[in-house]
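Heads up: the structure comes next, in structure tokens.
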Amino acid sequence: MGGKGVMMVAILCLWALSATSEAVTEAEPGLMMNFYKDTCPQAEDIVREQVKLLYKRHKNTAFSWLRNIFHDCAVESCDASLLLDSTRRELGEKEHDRSFGLRNFRYIEEIKEALERECPGVVSCSDILVLSAREGIEAVGGPYIPLKTGRRDGLKSRTDMLESYLPDHNESISVVLEKFKSIGIDTPGLVALLGSHSVGRTHCVKLVHRLYPEVDPSLNPDHVPHMLHKCPDSIPDPKAVQYVRNDRGTPMVLDNNYYRNILDNKGLLLVDHQLAHDKRTRPIVKKMAKDQAYFFKEFTRAIQILSENNPLTGSKGEIRKQCNLANKNH
């Protein structure tokens, strides 16, 4: 090769290196641990303190934080679309039937306001939703879960997609497994996530079909009188606060008692019953019933996968000024 040829190759190599360097420089950051360490170093501490204060005042907030992460992150993207209010043109996700019983959204706003006082326009509502779930899990005795941050907020609700992603409590375990698989959560992860039914409550409107007109014979007969006492109406008023605690033994503690209950046919929802008796999930249920450390390990892994489901990062989406409104509607 002549001198000119060597020179041309050298120039092309330098150009390629320069282009690669620019591409790396311009690549948008994704999720990472401690994303706010430079822009809002106190962010995670503020969320932690706010959740502790709110939990001290209202114990049931912990259950709300836990439900929020599932209902938001399972529906296509972990982008806080769940928090958006309905508009004249669009029904908000939180108003959909699949979101029945979700509440305490105003407390997300309290956390947002505390963060805005410290670092205006920096911390996204989607990160608040995820971090508050982590703190809520720990507040009810669950494991501390390391979670990445750096999400940005979506611009619109995804109400039209809810039924495609969120399983209904009456659907078969095969459908539930498939929906979780679509977001990267395997069978042990699904079984662990449903262990969140260890805390909180089930509204009567979601379980009366197992009591009326005839009691579901698969229910433990020792548990039925309590369910009938708590849900005395075959058509309960959806606005009435009628419910059964998911776990009468340790209702405020996230533990593996749920698995022992469903093996004893005390699960309130059909999905609980199927989980305990389907050949694909029963061995995992039995293992988690005996080994809380295994339950916590799989639960941690599943929450991490869920929290990283298709997030908006870099320049995508926005940082909302108010969590219930996209900035264009502010």
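Including glycine, each Cβ sits where the backbone N, Cα and C put it.
Listed in Swiss-Prot:
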ACT_SITE  His71  active site, proton acceptor
BINDING   Asp72, Val75, Asp79, Ser81  Ca(2+) 1 binding site
BINDING   Pro167  substrate binding site
BINDING   His197  heme b binding site
BINDING   Ser198, Asp247, Thr250, Asp255  Ca(2+) 2 binding site
DISULFID  Cys40-Cys119  disulfide bond
DISULFID  Cys73-Cys78  disulfide bond
DISULFID  Cys125-Cys323  disulfide bond
DISULFID  Cys204-Cys231  disulfide bond
CARBOHYD  Asn170  N-linked glycosylation site
SIGNAL    1-23  signal peptide
SITE      Arg67  site 'Transition state stabilizer'
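Separation of the C-alpha atoms of Asn170 (N-linked glycosylation site) and Thr250 (Ca(2+) 2 binding site): 25 Å, rounded to the nearest whole number.
Within 10 Å of Asp255 (Ca(2+) 2 binding site), counting C-alpha to C-alpha distances, fall none of the recorded positions Val75, Cys119, Cys125, Cys323. Long-range C-beta contacts of Val75 (Ca(2+) 1 binding site), restricted to its own chain and to partners at least six residues apart, with a cutoff below 8 Å, comprise Ser81, Leu82, Glu93, Arg158, Met161, Leu162, Tyr165, Leu166.
For the pair Cys231 (disulfide bond) and Thr250 (Ca(2+) 2 binding site), the C-alpha distance works out to 20 angstrom. All protein chains included, Cys204 (disulfide bond) registers 24 other Cβ atoms within 10 Å of its own Cβ.
Among the recorded positions Arg67, Asp79, His197, Cys204, Thr250, the ones whose Cα is located within 10 Å of the Cα of Cys125 (disulfide bond) are Asp79. Between the candidate recorded positions, Ser81, Asn170, Ser198, the densest Cβ environment within 10 Å is the one around Ser81.
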